[in-house]
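Let me begin by presenting the structure, written as structure tokens, before commenting on it.
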Amino acid sequence: MSQEYTEDKDVTLTKLSSGRRLLEALLILIALFAVWLMAALLSFNPSDPSWSQTAWHEPIHNLGGAPGAWLADTLFFIFGVMAYTIPVIIVGGCWFAWRHQSTDDYIDYFAVSLRLIGVLALILTSCGLAAINADDIWYFASGGVIGSLLSTTLQPLLHSSGGTIMLLCIWAAGLTLFTGWSWVSIAEKLGGWLLNILTFASNRTRRDDTWVDDEEYDDEYDEETDGVQRESRRARILRGALARRKRLAEKFSNPRGRQTDAALFSGKRMDDDEDIQYSARGVAADPDDVLFSGNRATQSEYDEYDPLLNGHSVTEPVAAAAAATAVTQTWAASADPIMQTPPMPGAEPVVAQPTVEWQPVPGPQTGEPVIAPAPEGYQPHPQYAQPQEAQSAPWQQPVPVASAPQYAATPATAAEYDSLAPQETQPQWQAPDAEQHWQPEPIAAEPSHMPPPVIEQPVATEPEPGIEETRPARPPLYYFEEVEEKRAREREQLAAWYQPIPEPVKENVPVKPTVSVAPSIPPVEAVAAAASLDTGIKSGALAAGAAAAAPAFSLATGGAPRPQVKEGIGPQLPRPNRVRVPTRRELASYGIKLPSQRIAEEKAREAERNQYETGAQLTDEEIDAMHQDELARQFAQSQQHRYGETYQHDTQQAEDDDTAAEAELARQFAASQQQRYSGEQPAGAQPFSLDDLDFSPMKVLVDEGPHEPLFTPGVMPESTPVQQPVAPQPQYQQPVAPQPQYQQPQQPVASQPQYQQPQQPVAPQPQYQQPQQPVAPQPQYQQPQQPVAPQPQYQQPQQPVAPQPQYQQPQQPVAPQPQYQQPQQPTAPQDSLIHPLLMRNGDSRPLQRPTTPLPSLDLLTPPPSEVEPVDTFALEQMARLVEARLADFRIKADVVNYSPGPVITRFELNLAPGVKAARISNLSRDLARSLSTVAVRVVEVIPGKPYVGLELPNKKRQTVYLREVLDNAKFRENPSPLTVVLGKDIAGDPVVADLAKMPHLLVAGTTGSGKSVGVNAMILSMLYKAQPEDVRFIMIDPKMLELSVYEGIPHLLTEVVTDMKDAANALRWSVNEMERRYKLMSALGVRNLAGYNEKIAEAARMGRPIPDPYWKPGDSMDVQHPVLEKLPYIVVLVDEFADLMMTVGKKVEELIARLAQKARAAGIHLVLATQRPSVDVITGLIKANIPTRIAFTVSSKIDSRTILDQGGAESLLGMGDMLYSGPNSTMPVRVHGAFVRDQEVHAVVQDWKARGRPQYVDGITSDSESEGGGGGFDGGEELDALFDQAVNFVTQKRKASISGVQRQFRIGYNRAARIIEQMEAQGIVSAQGHNGNREVLAPPPFE
């Protein structure tokens, strides 16, 4: 039993020192002040008199009185809610000062400065966090003045979340600076508290089963037997930990501590005899302690894959890496990862004998394994040749070697296995001499991409009996050389990871060498072996692999330096020794075709085969061209026999269909082989280019016609003539003119080996022609051997339409100039003038007739589906701004309502009593300037409301689409065929007008204001509403651009008028048509055109059509009496009225005035558009008869008054913004015009043109009785009563003047001028000269 130790504690009163007395007294006063301050803060009332609040008569509610209220208000103003922590901080400071007495000998000013910085950081960040995240308290900011400054500074830069994160980080740093606590310790403390809480909540303690183990049960039995109480394991461990802590504390003063460091970092085992162990007062070291357990702590946990615990020495992996590097050099940068494969029993693997044996060199360890060439008699150790078999990692598993043949190692035969010796270092390939050239080997048994797998096997030597692999009990713990081993292993793993994964190969059968590498066969034998191949296609494919193996060479031995290995991403390729690569001339001398030449031949055959496939269907033109080509060929053949050209060789051609089919199959197989192996380019191969085709030595030396084909299909035998050196001239190889419609594909009558024929031996210059003929090719037109596969214009020759002169001229052997292929002549000149884009709006294009009676709305651009919502908050702000700006001008007004539209927003102002609306109208420009807007329009009177409107443009303008205006009930339900849409008003409602009720329309606006777009919108509206029998158009377009797009629609009465004289005749015809319609309506007793058409329809329903009452037998060629028919409305559209007035003269004004006065009832309506709204163009007579007007943006208020008789148009925004003054209304309405694109106009026009052609009325633009209407009356008008007398007077006086006629007959000036104009029209007097005088042309009267 243990005894409890007790101690008597007698408290005695001791006197304090003077300094201590003063300190404790001050601490007590400060603590009381903190309590008082807390009471003042908690009882704060905003109504108390304070620093920010002045109150005199109210009682003070604060518990601290007036000072407390004042101090609390100040603290809340400065710190916000953080003021509540100030009393707590004061009390904590007092406690800290009382606990820590002045026992230190010195003051650490650096620590004090760090604490001050931490305090400032905590105060500032706490206030900032409160200002950002907490709610305000009373009328103070939550963070006080300090927090407000920080939050306003951080909000624009980091936003609230970013500012909070930054302040939290600074707060954490400040806490560490102030307290000196590490956040790791804080986290551990918090975790401990949390676990204590959780264990307490679960009614358990953390020490219940912590130290319960088997030893305690053993202790019970020991107590029963021995009767001696043993110490628990927990107590022993705690005592050992305290001992170690004490030793660490005495380390700097105890010299034996430095011996401990030397023992720890010396690399020796701690359980050796000579080592000094330290224990706590003789207690034995714990077997679980890592530092004092020696090798017992890790003895049972052996890991053979651990580089530190696998039992091998440090230098052993370095030697293994060196051996692996040597094997890698032997394989010549194989595409497979480096590996060690265990031997396969029962199989004889192919041994990859390295050309150079390497050995590990002991020395200073570096980052890379150091290797050096081995001596001649060196025998590698078995453990280097066959390292740890049990350590095959997944990336070191045996994989087959699948690479190009240039990467294959040299396999040894069975005989070579027996004679293999360790000291043999015979090189497998030596650098060629000047006379010996390297020759690639055409492999015949295996494809070029599947070499046999090479399995590494140790050299068959007897191991030394004295060496045995042993595993140490435990590796050293503190060898720094193990870092080098780890780096070497990582480098090997990295090289294995970056190498591609090859295809698996069966390993159940032994791999035997089937082929030999290129250096084992002499160059002559290689050529003979290649020539002995019987299949051209197979030999061509294998020759491509052999040519690809050109850069592969083995390493030479005998003092050669170690290979320079490139380390990086991808397979490690060793740099071979310097060898001389065979040149193109040498390859050509052995009959080996270059890869570029074979590719060109295969592509040419592919193009020829494509022409076979595409030339199945022949048109009449192609058949005719073929016939002409056959005639030209026969003529050329006759010329050849005539002049005795005998340079055509005896080339045997296959003439039967079976041979042609066989050649086609061979060509297709060659193309497939080329496509299959075209992607496998060796490392040293150059890409194909046209420069390779112009290599003249190859053309001189290459035997293009060997006795046995090497790499071409063997179905076409070729002869071998004498070769003549011909200098190629590639600049003469001009392709045929690229006209695909006249191309003639090659006919498969006989195979055409023009790409295999030799060059021309006789003519010094090559003769060029088309390489494809329908029958046997002629030599004089045969194209020389030029592989031009990459250029399609050389692969697709064309047959001419007519025989060309070069086919008719005989060949001149002595002519120094070559004959050129003339380009084909273009088609006939009259055919080239027919172009669809030159047709007037594409009249000749065939169109599909629509099935709907009217065009569909799908032809128009649909409006966007998402509409931007109205920002009411921004409108409210603008309303307050308008009120403020009006107040600046001493105008008191309130914004009572606003109407947002697509372009503008109208604010309705309620003016104060006595304020005139004219004051706001006069301030429109000043308001626009003060509101920072483009323009402001003041609406003095809003119908139905006692307010004044102020129209301001929107910040984001919306587009009004014609489709959404046409697709509304107001337009669809209007029965009038003359219904037009204008756009949308300021409220967004569509504005629809009826041209029959206008009855005429005047449109004016400057260039770019949207005038032409508005006219197009009105025309399209009528095209979407009326059939051609309902509405007809007469369009006058002086600019020949705006209305000419409507040419060809069935609504036109005549073609679009672009000549101004024809425009005057069209207006004159309109006046005559108006008079005729009035006569017919008067005969039927109706008042307008609608009543007339109703009468005609009623008569048709009765079956009794109405005859024409004014027809006479001589008026027409009709046998029967013509009947009256339905009359359509006629809309006369003039795009540029000012140009018409300037060109034709004053007569047009009279015609327009007559139409404007009387044409409404006759169904004839005018739409006049002009961009110059001046008084001389829009006269008072026209304005009086055209009440409906549309004003777009104009330049001045004068122009606005010319159009609308009031201002406002100068304040419009442009781009379709208009003021529409409707019929029977004096107040214009602001409308935003519908936007119409040119594509929409063309689509609707094409739709109507597909429905039918226009039925033009003759005689509208021509007048035989007038000279074009250039200012005179037409022949149908009666002459003046005084005309004869005036003619007599002028011819007698020989002087023609308006004033003279006026004085003579005492008439008015206008009548005298009209008489003179009639004389000019009759040819009696001439036109006015430059001085205003007229010359009398008629002779004087006879007396």
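Cβ from N, Cα, C; glycine included.
Positions annotated as topological domain 'Cytoplasmic' by Swiss-Prot: 1-24, 99-115, 180-1343. If you look up Swiss-Prot, you'll see 25-44, 75-98, 116-132, 163-179 marked as transmembrane segment. Feature annotation from Swiss-Prot assigns topological domain 'Periplasmic' to 45-74, 133-162. Positions annotated as region 'Disordered' by Swiss-Prot: 357-475, 556-586, 600-619, 633-863, 1256-1275. Residues or ranges marked as compositional bias 'Polar residues' in Swiss-Prot: 385-395. The compositional bias 'Low complexity' feature in Swiss-Prot is assigned to 402-415, 662-671, 721-830, 850-860. Residues or ranges marked as compositional bias 'Basic and acidic residues' by Swiss-Prot: 600-611. The annotation domain 'FtsK' is assigned in Swiss-Prot to 988-1201 on the grounds of sequence analysis. Per Swiss-Prot, the feature ATP binding site maps to Gly1008, Ser1009, Gly1010, Lys1011, Ser1012, Val1013; the stated evidence is sequence analysis.
Shown here: features listed in Swiss-Prot, placed on the structure.
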| residue | record | Cβ contacts under 8 Å, 6 or more apart |
| --- | --- | --- |
| Gly1008 | ATP binding site | Gly1214, Met1215 |
| Ser1009 | ATP binding site | Phe1192, Thr1193, Val1194, Leu1212, Gly1214, Met1215, Gly1216, Asp1217 |
| Gly1010 | ATP binding site | Phe1192, Thr1193, Gly1214, Met1215, Gly1216, Asp1217, Met1218, Gly1233 |
| Lys1011 | ATP binding site | Val1003, Ala1004, Gly1005, Ala1169, Gln1171, Phe1192 |
| Ser1012 | ATP binding site | Glu1042, Asp1135, Ala1169 |
| Val1013 | ATP binding site | Gly1216, Gly1233, Ala1234, Phe1235, Val1236 |
Cβ-centroid neighbours of ATP site Gly1008, Ser1009, Gly1010, Lys1011, Ser1012, Val1013, 8 Å, sequence order: Gly1005, Thr1007, Gly1014, Phe1192, Met1215, Gly1216
Tally of DSSP helical, extended and coil residues in the compositional bias 'Low complexity' (850-860): 3 helix, 0 strand, 8 coil
Chain residues outside the transmembrane segment (75-98) and at least six past its termini with a C-beta under 8 angstroms from it: 23-24, 27, 30-31, 33-35, 37-38, 41, 44, 51-52, 123, 126-127, 130-131, 134, 137-138, 140-147
Sequence-remote partners of the topological domain 'Periplasmic' (45-74) [C-beta within less than 8 Å, at least six residues beyond its ends]: 36-37, 39, 83, 138-139
Spatial neighbours of the transmembrane segment (25-44) far in sequence, C-beta under 8 Å, 6+ residues away: 61-64, 67-69, 71-73, 75-76, 83-84, 86-88, 90-91, 93-94, 97-98, 138
Gly1008 (ATP binding site) in three-state DSSP notation: coil
Structural state census, the compositional bias 'Basic and acidic residues' (600-611) (DSSP three-state): 12 helix, 0 strand, 0 coil
Three-class DSSP secondary structure - Val1013 (ATP binding site): helix
The topological domain 'Periplasmic' (45-74): DSSP-derived helix, strand, coil residue counts: 10 helix, 0 strand, 20 coil
Same-chain residue ranges lying at least 6 outside the topological domain 'Periplasmic' (133-162) that approach it to Cβ under 8 Å: 44, 46, 76-83, 123-124, 127
Secondary structure content of the compositional bias 'Low complexity' (662-671), with strand meaning DSSP E or B: 10 helix, 0 strand, 0 coil
